[in-house]
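Remarks on the structure that follows.
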Amino acid sequence: MTSVPLEDDSTFRGNRVIVFTAIWIPVQIICIALRYVARWLIKGPWVRDDFLIFTALFLQICQAGVDISAVKHGGAGHHLAYLEKHHPDQVAVWFKHLLALAAIYWVAVNLPKIAILCLYRRLFIAKWTRIMISIVMFVLIGMTIATFIVNFAECKPFAANWDASIPSACIDRNAFYIWTSIPNIATDLAILALPIPVVWNLHATRRTKILLTITFAVGSLGLVTSVIRFSSFFGSNSFTDSTWTSVEHMTWTQVEPGVYLISACLPTWRPLIEKILPRIIHPSKTSALGSNKKQTRGNDGIPLQAHRSSHGFQRLEDSSRKKFPHPNDITVTVDYSVVDHAKENNEVVISHDVMV
């Protein structure tokens, strides 16, 4: 059987992007809505990462809209050779869409990760842990700014981004997309690793440590999609037949930031899950940290032990404790002398910023 030349092959697969988008965006909206429902249940105030999550969702919706427009008006899903022969006007439209997609992606993929780090900064008050969190956060902010600038400066003159007939000097865009994924993966690994030493230095049961590790690990689920997207650029040069290969790339470019977005919300669902499935979350009245240990919960509903350090401080007498009123008239007891001592000695301790 004689194969059809690509310039005459009218095969179209762009509808895959539209179908996927129609499913994926509502999933993200539901997951984020559950985050705010959980926040409402504990009457928690909005914090910095809440605004970052909301902004990231807006960018995801914008990216989805550009993807659909690229399919409808830019020929995404057809072979590039076919468009150049039969619909040459769509080629320039496609490359303009590609420029917009890349710009949105670099911001959308990093905002949820910064939101996760903001959560970590509220939960962990040990000096060196907070320093490492700040370093990773500044790396992400720097990457976002740098890649955004390079995306718009990759061709001179600027119009050469979509008009190949103009004499120009352009960087290797395929290599740019590949190698910028490496620091992206590295920051994912850092986000995964940051809470582990803190959790496993707590004086808590092994079961509690495992559950807390799983809770924080969901914040790094995007690592898997990041690696898959990274490997997808290695099969062949994505710009040789960019409108055809864009179907996979646009899909994974939606999946990756979307998974980060959902991952940033999962740890905050606990109050909602407790409301719906109390018997599963609390099979007995005994605290998961032991009957003689007071368990507290952070603003995000994550169970924490406010007065534990890596060296196992003994419980102090009531005279050494301070009490402050909760907005809902619930008294929360916090061992501040232990927290302050731990901070002075750079010991592992979880924030006393709690809400029950």
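Here the Cβ of each residue, glycine as well, is placed from N, Cα and C on the backbone.
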Of 210-230, 252-272, the range TrEMBL labels transmembrane segment: 210-230
Intrachain neighbours beyond the transmembrane segment (91-111), with Cβ under 8 angstroms and 6 or more residues off its ends: 52-53, 55-56, 59-60, 62-63, 66-67, 69-70, 73-76, 80, 83-84, 140-141, 143-144, 147-148, 151-152, 161-163, 177, 184, 222, 242-243, 246, 250, 253, 256-257, 260
Remote residues contacting the transmembrane segment (176-198) - C-beta distance under 8 A, at least 6 residues beyond either end: 102, 109, 113, 116-117, 120, 124, 126, 129, 132-133, 136, 139-140, 143, 147, 150, 154, 212-213, 216-217, 219-220, 222-223, 226-227, 229-230, 233-234, 238, 348, 350
